[in-house]
């Protein structure tokens, strides 16, 4: 087999055939031919620019108009070719009247496609040619390109019309293996290989296998850290070219994929597909272990790690591992001290967006999560979930080391440090380590000299809340407010005022007597 050329991927029309296409079909043809040429150049195929491409780039017709005369509109092709080949009417018309007509000259005796049917007998003559073509189309996916020129052209035209077919909304090609439907035969063919292919390309680093070498090569970059695709705008690099293309839309603001249901737009087609499931309620990704279903494949993968216990994302700073990359990214901020999310009300900053959302409720006083058992309300849903365990007595978090159980996962995590002796929260000022982040926060106040806890009674300030509570006891013992009437002393002015009422009543009773 010779090297690939532009001729192998090009479709040519005569003036007669070109005039038979409508404007949309002509524009589609231009786009497909230009795309095919660009793909060859991208693949490094040494091709000189064909005259056809030059014409199309300049917006000219794909031939020399002076060499052709206007001809009458051709007759309709035999009715047998209007059955079952393509369910979409637009594609059916285009293929029947143009593509088969164009390739009839290759000499297939039974396919007299340049001649329209004028009688029943003549129509019967074409029946044999149609049956043979139809048989080719129903062959196995691996053999479809071994059929004659007619089937090859048939497949090429289906691919070139992929965008047009998508707009019809018809999914007419169904996979017999899993029932999934496709709007294009080529997409079904590609999908069916997933059922038959063996993952024979194995990663030597981790053992993961892939069906095609290109996917293995992309995967290897996870281990090597290679990111050959760099954004010229901001310098960010990616290990897959498609990721770079998607990233570029951040700079351009382009969101070409629109939801017909609610009008929301997206910069990735996959994001639109995932979004649509919000409207349909579809959850196609099901966990075989527990039956839980998800609307996004990545969510299923993350969920599976609950069963396997896998935690592939490890912190280089302290060695702690996580089952999701987002959890690792959040954790890293403990070490860096980075706080991206700032409250506009008071200026306080947080390392997680969920934390600032919760914090804002301090200012608004909102407590949307209410306990049906006792009526107590909470700012955060997880606090309500934890609170409910007081009523149920549930303690689902058990220490494997000593068997002690807890009603909060955070309490178990804190408890485990007793066994490990780990102190992951380190003070950058003096190097002292702590087992809990809250303890580190309290410790930092020693260096800042900050005293946020103020006594309302005397105005004295303290750096710890517990110290303030101890101080308050002093005021409880003191009794600076003395009654002038009887000499009795009190530690609060409000109590003294209530006491004075006793003397007022006594005086009024004396006057009555």
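Numbering starts at 1 and runs along the chain as it is shown here.
Quick reminder: no glycine exception, Cβ is built from N, Cα and C everywhere.
Per Swiss-Prot, the features are:
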type    : residues : note
DOMAIN  : 4-75     : domain 'KRAB'
ZN_FING : 173-195  : zinc finger
ZN_FING : 201-223  : zinc finger
ZN_FING : 229-251  : zinc finger
ZN_FING : 257-279  : zinc finger
ZN_FING : 285-307  : zinc finger
ZN_FING : 313-335  : zinc finger
ZN_FING : 341-363  : zinc finger
ZN_FING : 369-391  : zinc finger
ZN_FING : 397-419  : zinc finger
ZN_FING : 425-447  : zinc finger
ZN_FING : 453-475  : zinc finger
ZN_FING : 481-503  : zinc finger
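Counting residues of the zinc finger (257-279) by DSSP class, helix then strand then coil, yields 11 helix, 4 strand, 8 coil. For the zinc finger (201-223), the partner stretch with the most Cβ pairs below 8 Å, chosen from 229-251, 313-335, 341-363, 397-419, 453-475, is 229-251. Outside the zinc finger (397-419) by six or more residues, the chain places 386, 389-390, 435-436 with a CB less than 8 A from a CB of the stretch. Packing against the zinc finger (341-363) from elsewhere in the chain are residues 330, 333-334, 379-380: each is 6 or more residues past its ends and has a CB under 8 Å from a CB in it.
Remote same-chain partners of the zinc finger (453-475), defined as residues 6 or more beyond its termini with a Cβ less than 8 Å from a stretch Cβ, comprise 442, 445-446, 491.
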